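Asks: Annotation comment: TrEMBL describes 23-34 as compositional bias 'Polar residues'. The compositional bias 'Basic and acidic residues' feature in TrEMBL is assigned to 241-270. Feature annotation from TrEMBL assigns region 'Disordered' to 1-45, 241-278. For 298-332, 342-383, 428-460, the entry in TrEMBL reads repeat 'WD'.
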Amino acid sequence: MDLLQSYSDRNDNHLDEPENQGEIPNSEANSSPDASPPRLLPAKSAAPKVDDTMLALTVAQAHQTLTKPIDPVQHAVAFNPTYDQLWAPIYGPSHPYAKDGIAQGMRNHKLGFVEDAAIEPFVFDEQYNTFYKYGYAADPSASAGYNYVGDLEALQKNDGVSVYNIPQHEQKRRKLEKKKELEEDEVAGGDVDKVEIENPATDTWLLKNKKSPWSGKKEGLETELTDEQKKYAEEYAKKKGEERSGFGGDKGEVVQDKSTFHGKEERDYQGRSWIAPPKDAKATNDHCYIPKRLVHTWSGHTKGVSAIRFFPKYGHLILSAGMDTKVKIWDVFNSGKCMRTYMGHSKAVRDIWFCNDGTKFLTAGYDKNIKYWDTETGQVISTFSTGKVPYVVRLNPDEDKQNVLLAGMSDKKIVQWDMNTGQITQEYDQHLGAVNTITFVDNNRRFVTSSDDKSLRVWEFGIPVVIKYISEPHMHSMPSISLHPNTNWLAAQSLDNQILIYSTREKFQLNKKKRFAGHIAAGYACQVNFSPDGRFVMSGDGEGKCWFWDWKSCKVFRTLKCHEGVCIGCEWHPLEQSKVATCGWDGLIKYW
């Protein structure tokens with residue numbers, strides 16, 4: 001309050017002072033109590049004033065010197081000229097592409113300056129063609145009305161029509177006139193009977209009314225085929241017939257079936273076949289142990305191996321399916337060599353399956369064929385095809401149904417054949433994607449299938465109706481399924497890098513407590529399998545490893561680095577409890 005009082009008193013004093021006391025200094029006049037900030041004086045430059053126009057002219061002159069072409073008569077150059085100056089044209093305006101010159105401002109096109117057209121393209125075409133046909137056209141430079149240039153007599157004669165607006169009656173009249181002229185020419189050219197001209201069966205009529213360059217020519221009389229042509233025609237017809245015969249239209253590719261035996265002799269001194277199991281082969285003990293080291297490597301496939309199967313019950317032979325179109329069978333117990341090669345597919349072999357006694361086996365190839373082979377002789381007993389790629393083949397495990405073949409196809413169907421008759425007896429058609437696996441459960445009365453549609457379906461054998469459909473939003477595709485030795489559980493390789501366990505009881509429920517993970521199998525149909533005593537689960541993975549888990553604890557027991565690339569298949573030996581075979585895309589089969 002005191003401050004405000006003193007401030008008002010000071011102002012009163014200022015008002016009381018006479019005006020003519022002289023100028024008060026600026027700083028004092030603007031001064032105020034201690035709270036106000038000090039005032040700053042305006043800035044002044046000590047530099048002399050410069051004439052801007054002269055400076056601008058000097059700069060412009062220098063720029064002109066730098067850009068103007070060098071005079072060829074000049075003997076000395078007082079500055080460093082640029083490349084553009086040295087090569088600039090001497091006389092006249094510079095090239096439109098040059099960086100300087102009058103053309104720079106005027107150019108609106110790569111090739112210079114293009115004026116805007118004052119006439120529509122259609123109108124231009126019309127007048128252009130009219131001028132060339134009739135000799136007159138509308139004058140585009142005329143400001144009002146239609147002024148014509150060219151042949152004015154023709155203009156009056158044709159009533160000013162253009163080529164695009166001839167009246168319809170005029171068009172018809174012209175066509176008739178043209179036709180008449182042609183007829184007169186024909187008659188003048190040679191005496192032609194009027195009746196022939198009007199008869200559609202004659203050549204004259206054809207020539208007169210021809211629609212295309214070929215319609216006037218009549219086919220020549222058919223001559224006898226030569227022997228060579230006949231032979232070719234027969235071969236072609238036969239080939240076509242082969243393609244169309246059988247079920248499903250297009251059949252698989254036909255390849256001659258061959259087989260080569262690589263062993264010493266097909267029968268030993270006692271007359272036993274080379275596929276006969278050894279008499280003393282039996283399980284050494286009940287407990288299975290996880291292998292630690294490599295025992296043997298079979299190499300013979302020139303490309304990757306897609307599947308391996310041990311000989312049923314005994315495992316003294318191992319069958320392998322190769323991407324090199326060959327199927328090979330190898331000795332396990334004695335020599336460890338390839339015993340026989342089966343060649344009957346033209347593309348990679350996808351799946352293989354032994355019958356119960358091992359004397360025959362099935363192969364499925366990408367050439368759309370399924371072949372049933374005799375293991376011993378290497379002969380093809382029968383071939384089946386629907387014209388689609390089979391992804392999985394299985395025989396019904398029942399002894400009395402060994403003639404029933406099931407195949408999961410790329411066209412979403414599971415097809416059932418009776419191999420004795422070669423007829424398709426049933427089609428199971430419910431999946432929404434290619435079928436990947438078929439697994440028999442419940443004493444072979446039912447089977448479970450998985451597909452690219454990320455679902456599992458359970459079927460009653462022989463009845464094409466799904467009895468259980470399993471599909472959850474979190475499920476992935478399951479390209480490999482294996483049955484536990486106690487037949488109560490299914491292990492499914494899920495493509496989200498885990499193995500899921502489903503019950504084979506009525507509900508087919510997911511066992512949430514059992515889950516095997518750690519391996520990287522995404523994107524690969526790595527086979528999952530069990531040890532014969534059911535204590536271990538094993539699977540290949542995309543990095544060439546073979547993983548072993550403990551069934552009870554679900555913990556990883558061991559991993560073996562088996563292959564370069566993908567380890568696609570693994571099988572536990574049915575009798576030797578601590579031995580495992582693996583196969584990979586490096587073309588090798590390894591025995592551990």
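Glycine too: its Cβ is placed from the backbone N, Cα and C atoms.
No curator has checked TrEMBL annotations; they are predicted automatically.
Bear in mind that the values here come from a model prediction, so they are computed numbers and not experimental data.
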Asks: Given a Cβ distance threshold of under 8 angstroms, which distant residues of the chain, six or more beyond its ends, lie next to the repeat 'WD' (342-383)?
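Replies: Sequence-distant neighbours of the repeat 'WD' (342-383): 250-253, 255-261, 266, 273-275, 303, 306-307, 309, 311-314, 317, 319-329, 389-395, 397, 399, 402, 405, 407, 419, 422.
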Asks: Grab the pLDDT values for the repeat 'WD' (342-383) and give me their mean, rounded.
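Replies: Summing pLDDT over the repeat 'WD' (342-383) and dividing by its length gives 87.
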Asks: In the same chain, who gets a Cβ under 8 Å from the repeat 'WD' (428-460) while lying at least 6 residues past its ends?
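Replies: For the repeat 'WD' (428-460), the list is 391-392, 394, 396-398, 401, 406, 408-416, 466-471, 475-483, 487, 490, 492, 502, 504, 508, 525.
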Asks: Please work out the helix, strand and coil residue numbers for the repeat 'WD' (342-383) from the DSSP assignment.
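Replies: Helix, strand and coil residues of the repeat 'WD' (342-383) number 0 helix, 23 strand, 19 coil.
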Asks: Give the residue counts of the repeat 'WD' (298-332) per reduced DSSP state, in the order helix, strand, coil.
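Replies: Per-class counts: 0 helix, 20 strand, 15 coil.
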Asks: With DSSP as the yardstick, break the repeat 'WD' (428-460) down into helix, strand and coil residue counts.
Replies: 0 helix, 19 strand, 14 coil
